C-alpha cells in the first residue's frame, strides 16, 4: 500500500555470464569479482527488506550519517515521528502540455460528457461562449423552452469553479480524510488526533456540530464512509475492526465489525458500503478484500486479491454488484460480487498501465468508467469494456517491482516524469500535473448535478488541489494555500464548493468569488500589469437552477 516501499529486490540481479573471468579454456571467477558479487547480494537483500518495509533508513545527526532501523509498520501510516509531508513542497510536478486524447475520440464517454454539459453538436464558436452571451441567448428565447437545460446549467457552472478560500478549520495534527455526504448536508473530517468531526452544511453553512473520539485507532484513522441512509458513518485504521457510529443523538454508539484477519499487524486502508447498507467492503495490507455482512454480523468473504497491499476499493454503481480494487502491484481489478468465492478468487478482468502502486480509485457511478491515482504521478481513466491483456498486466507488475525509491520520504525519480506508455496499457487517458508523495492521495470525478462530471480533481503532495478537464487532460484550476500535502478532496454534490484536507492540519473550504482580477484566470503576460491589491471580492451572481432530486 502507500506505506510499503517501492524498491525492488530484483533490480540489481546479474546475468549468469556476468563477472566470469576467462583464463585459458575455462571460465573462473576472480577473487575480486567474487567479493563484488557478494556486495551485490547484500545490496539485493537490503533492497528487498526496504521494499517489504521491514527496515528503513533514517537521517542521523551527521550529514552523511544514515541509520538502518527496523520499521514499525509496513505501511505509509507510521508513528508520529514519520515524515510530515512537507518534502513535496519542493517538488514541482511536470504538467503535460499535450495530453494524448486519441483513445477518447471514439469512446462513448466523450458523448456522455457532451450531453451532460450541453456541448454535444455545438459549433466551436458556441462552445467558447461566455456566461453573459449564454444569458443573452436565454433572454432571446433561444434556449430550450426558454430556460437552460440541465446540460447548459452544467456548462454555465464551469465558468464558476471554486477559486477562493472561504473557511479554514485548524487541527493539532494531520487531516487524513474529508468527504461530503451524498446529499451534501454533512461534511465529515478525520484527523490523526483520533477525532472525527461532523459539519452542518445546510443553508450555505459550514458549522461543526459534533466531535467524536474514534476507538481502537492505530496511528490514525485511514478511511471513512457514510451509510446510505445518512444516519451512521464508518471508519477504519490499523485495527482488526471497522467501526460504525451514529451521527445523530446525544451519545456515541460504536459498533465493531470484526474482520478476523490472519495478519498480526493489520490495517484497512479503504472502505466502501453497498447501496442497501448491508455489506461493508474493505481493502487491507494483507493483499485481501474483506466483505462484512451487517445483517449476519460476520465476515462473509476474505478474497486474496492482490500481490501486495490493497489501497483502494469502490463499488461501480448503486447495484453494488460490480466492484473495483487497486493495490501496490499497480493493477486495478474488476470483481463481480455474485461470483466472488474464497476458494476461487478470480476477478472478471484487470486494468493495467500504471507503473507503480495505485493509491485511490473513484467510480463514475455508471458501472463502466473509473479513475485511479498512482504513485507513478498520474491519474488514469479506464473503461471496463476494455480489459487489459496478459502482456499489459505483466508489464505493469514488472514496472512496479523495479521501482527503487520510497514515495513516503524520497523525491520522485526523473524517469517518472517521462511520458512512457507500457505495452498493453488499456487506459483511455492519462493525466499529469499533480504530485503523489507521502500518503495515499485521493482523486475523484466532479459531481454530475453541477458539473456533468466534466472534471477530475485530485489532492497533491505540493499542497494544492488540482482540477483537470476530463476530455482534454489540461489543468483548468489549481487551488493553492496548504503548507503540506493534500491527502483528500471532496466536491459538494450540488454546489460549487471544494473541501481540501491536508497534512498541515488544516481543513479548507473553497468557493467561487468574483473579483476584477484573479491571477489564476489571467494570462501570465498580463500578471505584471495587475496591482497587488485588488477590489474586495463579491459573491458569485445567483443563477436559477432546478433543485436536486
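Each Cβ is built from the backbone N, Cα and C atoms, and glycine gets one as well.
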Given the candidates 73, 275, 363, specify the residue that Swiss-Prot annotates with phosphoserine.
73
Say a student had to find the phosphoserine annotation in Swiss-Prot: which of 13, 17, 75, 149 would be the correct pick?
75
I'd like the per-state residue tally for the repeat 'WD 7' (481-520) from DSSP, helix first, then strand, then coil.
2 helix, 20 strand, 18 coil
Contacting positions for the repeat 'WD 4' (305-345) when only residues 6+ beyond its ends and CB under 8 Å are counted:
1-4, 6, 74-75, 269-272, 274-276, 279, 281-289, 291, 351-352, 354-363, 365-368, 370, 372, 374, 376, 382, 384, 387, 393, 396-397, 399-400, 440
Summarise the repeat 'WD 4' (305-345) as counts of helix, strand and coil residues per DSSP.
3 helix, 17 strand, 21 coil
